[in-house]
């Protein structure tokens, strides 16, 4: 390694105090080191000037090479923002690394301009306990005892001191006494994630524009107004490191990971850094049943990523009760299947003697009812009275999850000091600005910031918005085509397998293979949808990254919803719902064909379809994530071993920034994929709960592995992400809420239309059999005369000898014209009534629950109210002091008028006014929220 210090820090920082001048040895990302911590790394190539393809300069912009842009940008960082920069080059590669350190007083100035909340007062333990309820309830003591085996080591629960925070102001002296005492020194006052975030804000708001000019025109960081606003009002182009990356002046930038040793399992926690602690206690399957160190995750990666893992952990906890209940219901169904009367009739002598009509006209054969024996047994396991109760509970559980997550989110927002979080000035996307220049977009004044910004009118964007809507409709149509192709496949396979030795298991084989085909098509289409969604979102010309992400999320979710749920909705709501009967079924491959359900019902097919698609998607995603991350690692190990052999054992050790640069970049789209996978799984669990009671158990098992896999990826396979702040999970809350409401309706329809619950209840009532289902199968089957069937010219040629009639599943009369019977209308009325009653009853319970359970827990609300009380008390005290000061100032001025000063002291009155003005302009003290560690899921 060759270190090249291109600038002497002491020469560049004339305005820095002597106490802040230290030798610029940037070695690690930890402030606990004796050297200056590295807050960010900038990477570029030494030969980028020769390979750079400059953009066109139709707008008269002068040509600038990447090296000129870099030099201009780095000069601005050093001379105006007072950052310490150090370049490092390597002899093995052509990469150059720029290490960035932000001094403490620059961090304070940036925090003040961002209105960042900083610690102002430590909270004593007795004061904290005073806000807690005096006696915990029996339920709290019970749940605490249950959680005790799953808690983390106590050494992780004391990661950070407990303190109040307030919006930082340099005029408030109460902040100063904590600078050196909060964590031992000034360098430790800001956490590494806070240092990285503040440095990122400085880099993205640097104003060295692309035009020639004096850098002194851009205001320094110490100016009272945010320099981004000032520069933009003066006509300077959009600032920031992102624009320089778009101009190919830099390749990437990232915060530096803390060093990670190979094996830390047997190392004392006191000797580990944060990354090693997370690797030991979080990113490993050995700790899969332990709670997550959320406060440590938030400290290392920021609130935005911590909220995702908090949601996943909370979701896993909420899945435990339905997983247990679903397993019990599955065991109950499997244990009582041989006592079910309808199943015994299908598998017994009645099924052996009953011929069923062909499932299609002309080509499909006649078949016996007992051929669906295996199908009916599996159907009963998932379709019994217990699964109906489970569907009702899951409909309520979906809303409970959303409501209790709001409470959990409120706790985290309080503990992470995000209650009053307000996103700072969001820069315009470089792609939007570039496109605005190319298409001749105008510039308008932003009514919020009063800044002249690039503007693309809705008239120029509307065609792309319409295109997005059309493409979404087309993709849904493509999904419908794949479902239709699967239907044709099932019919053809049914025709082929009915004449083979596996005809007894033909229904199971056809259902499984068609589900696998749907899964493969969904995964392939998902890759296509992702590419299409990114292209469409890019064409929509969103001004800000937040709106860009939201638009991308909506498209991706709609695509995934249609892709993975289309076949399930078809089976649950459409298959076998036609009003046709034999001779009117149509032929496979024709437009008038109607697919029929098995005599055991369509629910078992829905169960198998859900099982294969849900489990297959999760297994394939996990295997793909693991192998895709291990591939580059194996390649690097092979390269290092080869290099080691050729150099006869002399292998240079890579420094941390070189290791991090080889890792993958973590973007916001990566987190979107994780959220998307979670919300699609939430739909599988809740939308069709009655079809597969084991879905919560399968989801829980997958998430336990998925969570640790995601943690391992972020710590070892990705660059350290920018620790962005956040107050919640964003638009995903609305998606989860929408799915939970939809789950109530889908479960009601599945129970009423797809399951056998309503027909069985109607049989007991109409036939007055009590609880017995003897004769139920015969009651659900209608017969058609072979003579009438043959007269239509649609009957298949191979008719069993002596057969006078065949049976099919429907409620119709047994003579021409085979119209719907009275039983059909009674069952239909019962189904509609059940949907209405079910939906109203569940939503009424949800309404009562929302009314009784507030979104913010009482203990948290008490602490928030206590904070507000302290704020009000401090404000009143401060206002009283200001009034006394104003009265004294008025009295002093009156006395000065009575006793005029000599003429040789002309500045006496002016100095008194200045002092009075200074007293009157003194800012009020702020009192903020309390920040306490959160270490549980």
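Indices start at 1 and increase along the chain as displayed.
Keep in mind that glycine also has a Cβ here, set from the backbone N, Cα and C atoms.
Remember, TrEMBL labels are computer predictions, not curated facts.
The transmembrane segment annotation in TrEMBL falls on one of the ranges 650-677, 678-705, 762-789, namely 678-705. Per TrEMBL, the range carrying the annotation transmembrane segment out of 552-573, 574-595, 596-617 is 552-573. Per-residue pLDDT, averaged over the domain 'Anoctamin dimerisation' (38-294), rounds to 74.
Counting only same-chain residues 6+ beyond the ends of the transmembrane segment (305-332), those with a CB under 8 A from a CB of the stretch are 291-292, 294, 297-298, 381-382, 384, 386-387, 389-390, 393-394, 397, 400-401, 404-405, 408-409, 412, 416, 671, 674-675, 678, 682, 685, 689, 693-697, 699-700, 703-704, 706-707, 710-711, 714, 721, 723, 726, 728-729, 732, 934, 936-937. Remote same-chain residues near the transmembrane segment (726-753) are listed as 302-304, 307-308, 311, 388, 391-392, 394-395, 398-399, 401-402, 405, 409, 413, 418-419, 421, 550, 553-554, 557, 572-573, 577, 603, 606, 675, 679, 682-683, 686-691, 831-832, 834-835, 838-839, 842-843 (criterion: CB distance under 8 Å, separation of at least six residues from the stretch ends).
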